[in-house]
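What TrEMBL records for this protein:
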| type | residues | note |
| --- | --- | --- |
| DOMAIN | 29-401 | domain 'Major facilitator superfamily (MFS) profile' |
| TRANSMEM | 25-42 | transmembrane segment |
| TRANSMEM | 77-98 | transmembrane segment |
| TRANSMEM | 110-131 | transmembrane segment |
| TRANSMEM | 137-157 | transmembrane segment |
| TRANSMEM | 169-188 | transmembrane segment |
| TRANSMEM | 200-221 | transmembrane segment |
| TRANSMEM | 286-307 | transmembrane segment |
| TRANSMEM | 322-344 | transmembrane segment |
| TRANSMEM | 351-373 | transmembrane segment |
| TRANSMEM | 379-398 | transmembrane segment |
Amino acid sequence: MLGTAVEYQPLLHKRSRSGIPTKKLFWAVCAVGIGGAFQYGYNLSVINAPTTHVQKFINETWYSRYHSQLHEDLLTLIWSVIASVFTVGGLVGTFIGGHAAVKLGRKQTLLVNNVVAILAALFMGVARPAGLFELLIVGRFLIGMNAGVGMCVQPLYLGEIAPKKIRGITSVSINVFLTVGILSGQIVGLREVLGGENSWPLLLSSCAIPALIQLVALPCFPESPRYLLIDKKNEYQCQKALKSFYGVHHYQMEMDDIQKESNALNGEKQKKILELFFDRSVKWQLITIIVTNIGQQLCGINAIYFYAEYVFKKSGIPIEKIPYVTLGTGVCECITAMTCGLLIDRAGRRLLIIGGYSLMALFCILLTVTLTFQESYPWVPYFSMSAILAFILSFGLGPGM
């Protein structure tokens, strides 16, 4: 869950207060977001719906190969690998994304990244006809790589094409696309859509659709102006890109800023990560970034999405109602993502992060208590469900921003 915000301003205005056109910027944000944060959120949640059907497919495949029933513990292990290898692919993708963004450029990296998503969709789509559940593992790993690259390069591209006055809300759009992706995955995963026993291969391979949309839309927009000038030393292409985004009358201020940055970087030796810890000017900023990101990833929010069905089943929610309860988690995140800009303006990011983690800890304790006593009273499971939804809301209002 990435994104920073410094000022909340409507991106849909035809012109900002400074007169800078933002309509093309808005569509650029959409083109980048659909194959970046949206793809990540979509594949984070879409794996929950077909849990039962995929496990049945694994059992049938195992029996056809070895003529014996698969032990329940081994089935759980295989399913856990299919679900969680997405994060391993994401880790690999973040390392690849950083280098590719410099070598190929931000835009070109995002375009090539869509080929990985299409390959992942192909592997997951043919897994059932081929009788190879191992292809699901390969596909999930590849789509995780795609998400890792997208979440690495998308903030770079958006931060470099947006003017300073709307850079904050442009970054917040990453959270919006992320949560809309999560909600979309939950909706498409319903039995009435693609979550049925015969349609789950289509569900898992539907990640090709956002990739194809970005492949068509993103070429309509120029490369990052900052990349063109600072990395490629191409002043003409940089000016051309800025004029495309801001118009011929409003690009000069941004051009001057990029030139100043380019001049300041001339002769500067690129520092390694370890060297940054000993640089007093950036040490505490780096530590803050590391701590906030570690807290975000280890707070348990990903477990809620990967194992939502297990969590709700353990909470005593009827199986037929679980997909709709899971849908509520996506709605909660969408609400918080779309309102977080206003909250940042009023309360500040630090207070929201501390308050969010405090509330999450409180609702974790409440969930533990309700799970312990869920068989004692018939109404306790609904308190468990409420604790989970409140946990997600608390994450979205603070740590998830």
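Even glycines carry a Cβ here, placed using N, Cα and C.
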*Find the member of 25-42, 200-221, 322-344, 379-398 that has more C-beta pairs under 8 Å to the transmembrane segment (286-307) than any other listed stretch.*
379-398
_Would you say the transmembrane segment (200-221) and the transmembrane segment (77-98) are in contact under the rule of three or more C-beta pairs closer than 8 Å, pairs 6 or more apart in sequence?_
no
*In this predicted model, what is the average pLDDT of the domain 'Major facilitator superfamily (MFS) profile' (29-401)?*
85
*Of the stretches 25-42, 110-131, 169-188, 200-221, 379-398, which racks up the most C-beta pairs under 8 Å with the transmembrane segment (322-344)?*
169-188
_Touch test for the transmembrane segment (200-221) and the transmembrane segment (379-398), at least 3 Cβ pairs under 8 Å_ = no
*Can we call the transmembrane segment (25-42) and the transmembrane segment (351-373) in contact, meaning three or more C-beta pairs below 8 angstroms at a sequence separation of 6+?*
no
